[in-house]
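A short worksheet on the structure shown next.
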């Protein structure tokens, strides 16, 4: 089911190419006796070229998804943009009459193709934009609707416009009008049809979206399909970024004496381009001056990091719980620390009593800055029990 849409695109475009080049022509082949393209079949080759670009996009989308190159998405955008650009060019320079009713329908179709092309190119920068992808999908759907209407109105005698008729010219039928007034009327109705169908498509798409929101609620999101090889750790997730990967091991080991601010995720030190639109996983435990339990907890932090590194499409939800008064973290770094100040807590002092290789931690809610002597409990790794110490705070 992963490639169902692409298979349908390949099947439909192949059928279109066959009908244009072999099914449609009276001789069931599009070339003249001398091997050249006759003028009566130029439009067949134009339509077949558009279908060929769609077929190429579909087959390369499957190949790129299986090979998984680093630039998979940019290549897909590149091929898709070329397909829409070629379609726009061929309809703009179509070999058929640009002045008649068919030309008016083709001109209106070019507006829709241009929207699809623009939104596809915008996808390079706005890759995760839901509205950009939504507009592109609606544009592609409207293309199909308009092409079906074009085939019904222009080549079925029952639906010819008042004052117009079907004329057999250069191997195919073209709708002609008896006078200029009939032609102008037909073009005006074509413009009205475009507006009416556009309004209908917009209403349908928005109603469909609202229905999906009603049924699925907050689960509605836009993301790529997951890849079947979930154990591919090297293929890094697009939802998370491990800040530790931005630095050499030597830099990470040396931050105990000369810390790198960005390795601690300090404000205004991260590269905006690297972290834009992502949830940053900052392993502050890399620095021996910072306790892992401050924000998440060591056990939970390991689980989160393992999930982000091993899942191909790791995602997370950030929920705002509001202001909670009186809530304390499980553990905080004391105002007195055996390692002294660091980039995150410049106010930390180094006491005379030192426990080698560990920070002094305070039990939740016991540390208060009152500028007076106060007893509080501290825990040292060299001691199993809490000890009562007196410090000037």
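Cβ coordinates are placed from backbone N, Cα and C, and glycine is handled just like the others.
Range 105-126 is the one annotated as transmembrane segment, of 105-126, 215-236 (source: TrEMBL).
Note on TrEMBL: of 188-213, 240-265, 266-291, the range annotated with the feature transmembrane segment is 188-213.
Annotated by TrEMBL as transmembrane segment, the relevant range among 18-36, 75-93 is 75-93. For the ranges 138-156, 157-175, the feature annotated in TrEMBL as transmembrane segment maps to 138-156. The stretch in closest packing with the transmembrane segment (105-126), judged by the count of Cβ pairs under 8 Å and taken from 75-93, 138-156, 188-213, is 75-93. Residues 46, 49-50, 53-54, 56-57, 60-61, 64, 69, 106, 109-110, 113-114, 116-117, 120-121, 123-124 of the same chain lie 6 or more positions beyond the ends of the transmembrane segment (75-93) yet place their CB under 8 Å from a CB of it.
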